[in-house]
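First up is the structure itself, then whatever we jot down about it.
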Amino acid sequence: MFLKTLTMRGFKSFASATTLALEPGITCVVGPNGSGKSNVVDALAWVMGEQGAKNLRGGKMDDVIFAGTAKRQALGRAEVSLTIDNTDGAIPIDYTEVTISRTLFRTGGSEYAVNGLPARLLDIQELLNDSGLGKEMHVIVGQGRLDQILHADPQERRGFIEEAAGVLKHRRRKDKALRKLTGLQANLDRLLDLRQELARQLGPLGRQAKAAKRAAGVQATLRDTAARLLADDIVQAQARLESDPRTADRGERRAQLEARVAAADDAIAAAEAQLKGHEAEVEELGTALRAAGAQAARARALAQRAGDRVEFLRAQPLESTGKDSPEALAQRAERFAAEAQDAQAERAEREEALAALTADREAAQQELRAAEDALTRRRAQIAAQVRERAELESSRTVAQRALDDAGTTAAALDERATALEGDLARVRERLSAAQAAAAAQEEGETALDAAHESALAAADAAAAALADCDDARARHRAEADRLTARAEALELAARLAAATEDLLAAGVPGVRAPLGELVAIAPGYEVALAAVLGELAAAVVVDGMGAAAQLLGAVGADADIDLLVPAPAAGPESAPASEPAAPTPPAPPTAADALTGSEPIPARALLAADDPALGRLLDAQLADVFVCADLDTALSAALARPGATFAALGGEVVRPHRLTRAGAGEGARLAA
């Protein structure tokens with residue numbers, strides 16, 4: 001492996017593209033001061049990932065870009081490409097030639113490339129570190145660096161030797177592995193917190209889902225019942241309406257009224273047309289009457305003038321007419337008399353015509369008044385018919401409104417049922433989401449464990465100091481198991497409490513509490529006794545078989561119930577109390593009953609119960625049950641006494657022909 005070419009463009013003093021071809025062996029760059037020899041070395045360090053501007057003899061990184069001269073403008077970027085011969089495969093890449101390029105823009109952007117493909121600075125550094133060409137591998141010794149090495153103290157020389165030996169890449173991998181482990185530990189802690197939170201929420205969500213399911217059933221029953229009742233009411237109302245004889249009478253009466261209203265409408269239309277005709281005739285008569293009056297006035301005026309003329313002529317002396325002959329005067333008098341008679345006759349005719357017109361006018365006015373009276377009566381009849389029709393329509397509207405209200409009530413019930421179903425669906429979705437999140441956390445925890453193991457393997461290969469991570473992980477795993485067991489115990493306790501609440505809510509007298517709440521256990525023996533009792537610890541204690549049978553009938557066939565009925569004492573039976581007293585566990589056994597040495601002790605000695613009947617029940621259940629210090633002691637004791645049962649403090653139970661061990665949650669049931 002050797003350097004083949006170095007191409008610089010815009011880097012420091014190399015404004016134009018400059019390519020240096022390097023041959024195998026030693027290559028020397030000579031020249032006077034200021035010719036740019038050191039810039040070639042700076043270009044090599046810069047293209048291999050140097051990030052310190054001071055190491056490149058500059059104040060800031062953009063100082064490596066050509067700044068311009070008096071004859072040439074400054075450039076906007078600097079670019080250096082280094083081509084390495086990789087025939088021997090020293091660089092872990094499938095190319096015989098590797099070209100590394102770095103470009104810096106004056107705006108601050110920077111780009112890296114390997115064989116023309118974009119790459120990261122970290123990729124280039126890891127690639128060069130694997131081949132021994134890293135920027136801190138002492139392949140480039142700058143000005144003053146040799147003097148620093150020669151005058152270094154032993155500690156500094158050790159650092160130089162370790163870096164030159166290639167320890168740097170392992171140290172980086174170690175730091176990277178440590179960072180990953182820290183991140184994995186943080187993620188693991190977060191997952192544990194989330195798991196605890198989800199485990200805490202699963203119990204309430206389960207109870208909410210059950211309550212929502214019961215509410216949905218009740219609402220569905222209520223909706224169906226209300227719908228059936230409403231349908232029955234509607235059918236009965238329709239039947240009553242159809243069977244009522246008044247309904248048929250109302251129908252016939254309504255038809256008659258509608259016919260009468262139609263006839264009245266026709267009569268009103270005819271009367272209005274006749275009234276319009278009479279009004280036209282009256283208007284014509286009025287016009288004729290006014291014309292006749294005008295003619296009569298003119299006739300009277302003419303007759304008046306004629307009379308005045310006659311009187312004037314009669315009053316004139318004869319002398320004034322002396323020049324007229326008596327015959328002429330007689331003719332004129334006759335003519336005037338004839339004109340006066342004609343005027344009188346015309347006046348009489350016009351007065352007769354006026355009297356006739358006045359009589360016609362009065363007759364027309366009487367007919368008009370009669371027509372108006374008939375129209376008023378007809379309108380009153382029509383108004384009465386309209387009111388009756390409105391009453392019928394109102395009755396019909398009331399009936400229709402009742403039907404609409406019934407339909408609206410049914411629709412409201414349907415909407416309420418739909419809303420409740422939506423609430424139930426949302427609760428189920430929340431429960432499913434919580435379960436999915438829990439499953440995802442378990443899968444994520446498995447993936448994190450695999451990644452954790454891989455990171456530990458890489459860290460062990462890089463440095464022996466990472467071996468402590470296994471112990472730390474074991475401690476965290478133990479803590480996680482402890483917390484998981486605690487969460488399962490709390491969840492189980494919550495389920496038991498919910499089941500007990502349901503049983504107590506049934507209202508059946510004689511229901512006490514789960515067996516685990518009615519007994520006291522010696523400290524330190526909770527896991528062993530819980531493993532022995534098993535599901536018996538969660539069974540609910542009731543007073544008498546009658547109360548148990550009544551409770552089974554009250555909770556229904558779908559409920560999972562485990563009941564314990566203590567045997568009564570011999571002798572007269574006492575009547576059970578109507579309401580059981582609040583369960584109060586007795587004091588735990590004293591330290592005198594503690595396990596000593598390798599001898600097993602009876603399990604009954606580790607349990608205390610105030611109720612004698614409950615004590616007899618425990619005597620029967622734990623007759624041949626003993627507690628040992630460990631599993632080996634339990635196995636040895638079982639061989640010595642084949643018919644008995646032996647429980648170890650770790651939760652293992654040795655029964656005849658059977659060996660079991662309680663889980664984390666089951667073992668912590670009584671401890672919770």
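The backbone N, Cα and C atoms fix where each Cβ goes, glycine too.
Just so you know, TrEMBL annotations never went through curation; they're auto-generated.
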Coiled coil per TrEMBL: which of the ranges 254-288, 464-498, 499-533 is that?
254-288
From the ranges 146-173, 174-201, grab the one TrEMBL calls coiled coil.
174-201
Which of these ranges is annotated coiled coil in TrEMBL: 214-241, 410-437?
410-437
Would you report the average pLDDT that the model assigns to the domain 'SMC hinge' (509-638)?
75
